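A.B. asks: One structure, as structure tokens, below. Some questions next.
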């Protein structure tokens with residue numbers, strides 16, 4: 001029987017933290033921490049005979065993700081608005097650092113053929129197209145007003161965001177940006193944390209969409225991981241590489257920003273590369 005693992009709260013916290021940043025995927029962090037396959041299988045199995053082991057695996061991860069989103073939403077609003085370039089350079093370093101781990105676990109040197117490399121290219125292209133779809137202001141002021149059409153929009157946005165969240169390289173928060181609701185959702189989270197529940201209906205609409213997206217997309221991903229593993233990993237590698245296009249904030253504008261951005265980029269790269277090596281050694 002699957003046991004409740006306290007360490008998974010920390011792993012969930014890391015996943016939740018990454019999902020606050022447009023362009024950075026919680027699925028990427030799950031891969032880096034070595035829990036991606038089990039995470040997908042557990043979500044897929046929550047409405048099956050594997051309910052209890054799936055439930056006990058997911059609960060600490062969900063707790064960690066909620067803690068991260070509740071405690072860090074204001075911080076990330078500040079970092080992304082006031083220190084956008086260094087923040088995104090840090091996450092760019094994290095993303096690049098995971099690529100060697102992905103190449104290693106996919107055993108690409110002996111397993112990949114032309115079709116797999118074409119799938120990598122397709123994954124990169126998909127991320128570039130998704131990035132170009134977003135032309136809105138990531139940090140524009142938002143209100144908490146609601147209408148029937150907006151509730152439907154938030155539900156669909158949540159559904160697409162959770163589906164993206166499960167795929168390494170595609171950020172759930174970035175999909176919220178594509179739908180133009182990222183600022184509103186972040187504001188709603190911040191207000192609910194302050195015990196102002198005016199944003200609760202928005203979070204409920206998004207939350208139900210997230211739940212529906214998790215259930216549907218996890219079963220699809222689980223199927224492809226089981227029956228088309230190499231092609232799936234090739235697509236994932238493409239998504240991760242393509243996500244660099246999404247997180248690239250532009251070049252620093254002065255010497256100090258260049259220095260800070262390069263330092264945090266290197267830190268992110270080293271952290272990701274080290275975690276990838278540790279995970280690979282423990283598999």
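In case you wondered, yes, glycine gets a Cβ from its N, Cα and C as well.
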A.B. asks: Write down the single range among 1-21, 169-189 that appears in Swiss-Prot as transmembrane segment.
C.D. replies: 169-189
A.B. asks: Where, among 148-168, 197-217, 230-250, do we find the most CB pairs under 8 A to the transmembrane segment (112-132)?
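C.D. replies: Ranked by Cβ pairs under 8 Å, first place goes to 230-250.
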A.B. asks: Between the transmembrane segment (51-71) and the transmembrane segment (148-168), do 3 or more CB pairs sit under 8 angstroms, pairs being 6 or more residues apart?
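C.D. replies: Contact between the transmembrane segment (51-71) and the transmembrane segment (148-168): absent, because fewer than 3 Cβ pairs are under 8 Å.
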A.B. asks: What stretch, picked from 27-47, 51-71, 230-250, has the most CB pairs under 8 A with the transmembrane segment (85-105)?
C.D. replies: 230-250
A.B. asks: Take the transmembrane segment (230-250) and find every residue of the same chain, 6 or more past its ends, with a Cβ under 8 Å from one of its Cβ atoms.
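C.D. replies: For the transmembrane segment (230-250), the list is 21-25, 28, 31, 84-85, 88-89, 91-92, 95-96, 98-99, 102-103, 105-106, 108, 111-112, 115-117, 119-128, 130-131, 167-171, 174, 221, 224.
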